[in-house]
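First up is the structure itself, then whatever we jot down about it.
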């Protein structure tokens, strides 16, 4: 509930205005991201390059999700599902010890799918099953983009519409499950304290940017193929509203299903935590049995602290802060949400194979649809480059991009691949996108000129933008982006050493570890490789113009 408020604000202040701006720029300039910003100003050539690099990073790791979806889809035809029960050990005298420490769904994800190592430093070799699934995912993407943008648009109709059908089926099924109502109450109950947390606003902005595709260059690339008189304003509003409605709709489905499965687990963990604290206090202070209960635990803690301050202070590190709400928060978070939580829900349904095939087919449709936009953001600027287009046909350029991404993406199929995936997912795009869209709004409003842009829009759609659009472009959106940019940097400075979640097979749970030095260097390179393109592009243009002017003056 607390997330919905900043999400809606971000949609109004950032989402719709910036979507309209990018669609209008692409439609007016008739170029991909590099060419479009170069037309606005030669000093902005780095903006398009930054967008292409971010899209390249995103494509590199995002298609791994499709590979995992293929893996789960192929296993969905087994009866019983392989994540329904723990496998037997090698002696066939019991279950695998690691699986007994956790759950069958987590074991299938971390051990049989990822075969994850205990730390980032232990990379291991490429796992051929995941490598084959990744190759298949890239082959599907290549076949979809092979015929060009027109054919890609037709594929998107299928990849965008099929998930709605599956979501409706899951919504009907989810609402009939026990605990679904608790999930919806939890989702829509506002947590106003979250509004003071900068991470909430950054997460809302990130969700808007990724779901609408802002800053990646894909919107500019697709819009460049529109008719010059296409009503891009109407499309911006309609697409933004449909996108956000779909996000909220899918959240309703997710919360109704996951809480029916994980609600009881959160309650069980909470009660177990309370029992451990009560037992520890009773044994330490030799309390009578029944004198300490869950109802009077808080009062008894205060009493023991006042009566035995030294002993209680020594014991306090072992006393966990038990919270049902914290358990519920943990139950619906994590990078494995799409695979662990849903596979847990699916295995408890009637005819689980059917629901499993439907879900992972839907996940593939969504993933492939996103990949088509990402690859278009890379290919359009490349095919706009005369030097490349004159030497190589579009099929070769597209095939080369897919092949390079696939080869580099093999790092995500190693035993430490999931840790590298998290690095790319957390650091490859967010900061860069904030900078890119900030420069875009400043470029259009203050370099190209808001009045000139108004005239362009009047030529294209028949009327000038109203006051709302102009205020958002010129003032509100840039100010909010700058605030988010400062929050983002401040958060990571205050965080100190960056950490990640590693899988501990002996405990059957995730543990926190510090990133090694070389991982921090990679994180720095990911951020710098895209963000530095903007100032470097401007600097190179300035030097080139200065040298050209000097050559002319000497002649």
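Quick reminder: no glycine exception, Cβ is built from N, Cα and C everywhere.
TrEMBL entries are annotated by machine, without manual review.
Database features (TrEMBL):
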BINDING   211, 243, 366, 370  Na(+) binding site
TRANSMEM  6-23  transmembrane segment
TRANSMEM  43-62  transmembrane segment
TRANSMEM  128-146  transmembrane segment
TRANSMEM  155-181  transmembrane segment
TRANSMEM  201-225  transmembrane segment
TRANSMEM  237-262  transmembrane segment
TRANSMEM  357-380  transmembrane segment
TRANSMEM  401-421  transmembrane segment
TRANSMEM  427-450  transmembrane segment
TRANSMEM  471-490  transmembrane segment
TRANSMEM  518-543  transmembrane segment
Positions whose Cβ lies under 8 angstroms from the transmembrane segment (128-146), at least six residues beyond its ends: 63-64, 66-68, 70-71, 113-114, 152, 155, 367-368, 371-372, 375-376, 379, 395, 398-399, 402-403, 405-406, 409-410, 412-413, 417
Feature contact check the transmembrane segment (427-450) with the transmembrane segment (471-490), CB under 8 Å, 3 or more pairs: yes
Same-chain residues at least 6 beyond the ends of the transmembrane segment (6-23) whose Cβ lies under 8 Å from its Cβ atoms: 195, 200-201, 204-205, 207-209, 212, 214, 219-220, 223, 226, 232-233, 235-237, 239-240, 244, 437, 440-441, 444, 465, 469, 472-473, 476-477, 480-481
Near-site residues: Na(+), ref 211, 243, 366, 370, CB cutoff 8 A to centroid: 210, 213, 246, 247, 369
Dominant neighbour of the transmembrane segment (43-62) in 357-380, 401-421, 427-450, by Cβ pairs under 8 Å: 427-450
Cβ neighbour count (within 10 Å, all chains shown) around residue 243 (Na(+) binding site): 17
Residue 366 (Na(+) binding site): tally of other CB atoms within 10 A of its CB: 20
